[in-house]
Amino acid sequence: MATLPVLPLTDAVLLPGMVIPVTLDPTTQAAVDAARASGDKTLLAVPRIDGEYGSVGVIATIEKVGRLPDGEPAAVVRGLARARIGSGVPGPGAALWVEATELDEPAPAGKARELAREYRALMTSVLQQRGAWQVIDAMERMTDLSELADAAGYAPWLSLAQKTDLLAAPDVTARLELLVGWVRDHLAEQEVTEQINSDVREGLEKSQREFLLRQQLAAIRKELGEDEPDGSADYRSRVESADLPEKVREAALREVGKLERASDASPEAGWIRTWLDTVLEMPWNTRTEDNTDLAAARAVLDADHAGLADVKDRILEYLAVRNRRAERNLGVVGGRGSGAVLALGGPPGVGKTSLGESVARALGRTFVRVSLGGVRDEAEIRGHRRTYVGALPGRIVRALREAGSMNPVVLLDEVDKLAVGYSGDPAAALLEVLDPAQNHTFRDHYLEVDLDLSDVLFLATANVVEAIPGPLLDRMELVTLDGYTEDEKVAIARDHLLPRQRERAGLTADEVTVADEALALIAGEYTREAGVRQLERALAKILRKVTVALAADPAPVRVDTGNLARYLGRPKFTPESAERTAVPGVATGLAVTGAGGDVLFIEASSMEGEPGLTLTGQLGDVMKESAQIALSYLRANGRRLGIDPNALAGRRIHVHFPAGAVPKDGPSAGITMVTALASLVTGRPVRPEFGMTGEVTLSGRVLPIGGVKQKLLAAHRAGLTEVIIPKRNEPDLDDLPAEVRAALTVHTLADVADVLALALRPADVDAETLGGQSLTAA
């Protein structure tokens, strides 16, 4: 045991056999001075980590005291042997003196030499990577295993904590085990680091090589007088020279800056180029001149479509307002343009879609059709955000880009067939597009800049207006196309459908003609519909058969009512109201479907059995309630109406609505059900020329209903001559075409008792008629 001054080491660990310089501060200077004063220059070097001394130090001797090249005082010390630190003792000077006990080193175990060989091999790999060939030679000359292990104290990649662990292990076998594990980990870490550095170097070299090649290519093109292909490398000049709104230009220049800083290998560069191309392709300040000649616009609309007066008047109103504002130099007010959003509702085949093209021609604008049937993703309307791979702008932006102007006619086709999916509700996304108070600042998710849609004329089409969400329908001006009269169908067939089908069949007007009477017969008895699609198909079928006939006999063909059956067969629709209502209990009602108006026969019968009411024909809840109301009204008011109150007592009443496979609902069949039940009970058939529609209450009032025009057109097509409607629906008769109004006798009634008095045959006439029919049937 020896008493030695303590030399604290804060940034190094001294192991036996090592020689290191120690910078002298007041504490270390005191230890060095004390050791030199003792005569043998011996001291105890102890690592001091985080302010605490280790339990094991190294007995060291001072080799030299002087100054480092930077002028700092320092001492060079050499480690001699490990020693355990004992208790502190008094000593001369300002140094800390302790008792130190030298540790005996055990003899190396047999395992130590195997570890030493592995350690040498591992250290050779490490030193070869660093190019330390002299250190490799020195290591090979070491024969003492303890000296070999302690030499690791010079390794710069070992931490102070690891070197302290080496100092605290007097057994050379334990030290070599620690060193083998540490060197293995260091080699693995070095391998990963080298791989990363190699990849980075390769990427930098590739980028530098591509940059140099591009610079050389640009210089060569400049010498040859060639421009960049498609201007793809000069987005900044394209943006600065483009006619863009100021905020759009600022956003585009920001993206150009990102593109210039991005690497060509970066996927973001491709996304930015696509976005810039889309922005530059948009017609930001391009607008077509509107046609200011109202007479010419009316002529275009009349030439393309027969009828549809409401729609034509609304388009001319829109055009007249814009012309007046232009004449008085009135621009937009409050940032809102004078755009319009029209919803064209009506059955299939009435010309809603084709009307959009005619409107565009009449206004002198470009036309774009956007089909919305089955769309279930709101991003289809607003666009996808650019964070998604393959992002695209929405259909509205694409429509404007396709139109090439900011004031086209955009037809939103089948807006009632939008679907709600897991990706959102596209109908909700359309709210901003179709709201004149908002669409001047429409923002597409892909572009992320304001887009002015206030000059766009939007036309939305729908077969079932009720299927359009309420908030969306509220933003549109509804114009109903209820269908064509027979005269209008004849005019459409003669002026549009027949010439078109003749051309498709390769025929001329000299080779085949179709009489107007034949066209009327086709419209009335072969194709009973609100539109004209079936009518066009029938004409196509006739002309195909005529083409076959002309191949055998080139004589001109005239199709009239006499030979029409040769081409189309027997009529498919014949008036059947007289036949269906010949027996008591059957009444003719009027209904509205997705294909327009239609007639609806209601049949009632009674039988012995448990009292009650049976309803068949796929009826909705509202229609079932109307049947209960009709039956309750007759039971409560039968005596006043001249009906035997006991006739309904104790019998089972069955009401059926053909056709059974078609779902039906709504309150407008109320008076028809009352009439059918009254006819059943009184035995008086309903007059066959009558059709009726209206909601009934328990007190017998006839309430107004919707779809009057479509229902009256259906009655006219079905051959009915008299119709009963609610009194409060009388204003709807103003929308009825004149020829239909002249052909129908319309009774507007407010009480169901008046309906029964008018619709049921008198009792004396019933007996004679029924008797005559019985004799005929016999």
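Cβ from N, Cα, C; glycine included.
Nobody curates TrEMBL annotations by hand; they come from automatic prediction.
Look at TrEMBL and you will find SER668 (among others) tagged as active site. In this view, SER668 (active site) is surrounded by 29 other Cβ atoms within 10 Å of its Cβ, with every protein chain counted.
Taking a C-beta cut-off of under 8 angstroms and a sequence separation of 6 or more, LYS711 (active site) has the following same-chain neighbours: LEU590, ALA591, VAL592, GLY597, GLY691, THR693, VAL723, ILE725. LYS711 (active site) falls within a helix when secondary structure is assigned with DSSP. What TrEMBL records for LYS711 (among others) is active site.
Annotated ATP binding site per TrEMBL: GLY346, PRO347, PRO348, GLY349, VAL350, GLY351, LYS352, THR353, in sequence order. Remark: GLY349 (ATP binding site) has GLU529, ALA530, GLY531, VAL532, ARG533, GLN534 as non-local neighbours, by Cβ distance under 8 Å and separation of at least 6 in sequence.
Residues annotated as domain 'Lon N-terminal' in TrEMBL: 4-187. Taken together, the residues of the domain 'Lon N-terminal' (4-187) have an average pLDDT of 84.
Residues or ranges marked as domain 'Lon proteolytic' in TrEMBL: 581-762.
Here THR353 (ATP binding site) comes close to ARG369, LEU411, ASP413, THR461: these same-chain residues lie at least six apart in sequence, with C-beta atoms under 8 angstroms from its C-beta. The ATP site, placed at the center of the C-beta atoms of GLY346, PRO347, PRO348, GLY349, VAL350, GLY351, LYS352, THR353, has further neighbours from the same chain whose C-beta lies within 8 angstroms: LEU344, THR461, ASN463, LEU481, ALA530, GLY531.
By the criterion of other Cβ atoms within 10 Å of the residue's own Cβ, the least surrounded of the binding-site residues GLY346, PRO347, PRO348, GLY351 is PRO348. VAL350 (ATP binding site) has a Cβ environment of 27 other Cβ atoms inside 10 Å. When Cβ atoms from all protein chains are considered, those within 10 Å of LYS352 (ATP binding site) total 26, not counting its own. Spacing of PRO347 (ATP binding site) relative to SER668 (active site) is 19 Å (Cα to Cα, whole number). Classification of LYS352 (ATP binding site) by DSSP places it within a helix. Checked against SER668 (active site) by C-alpha proximity, the binding-site residues PRO348, GLY351, LYS352 yield PRO348 as the nearest.
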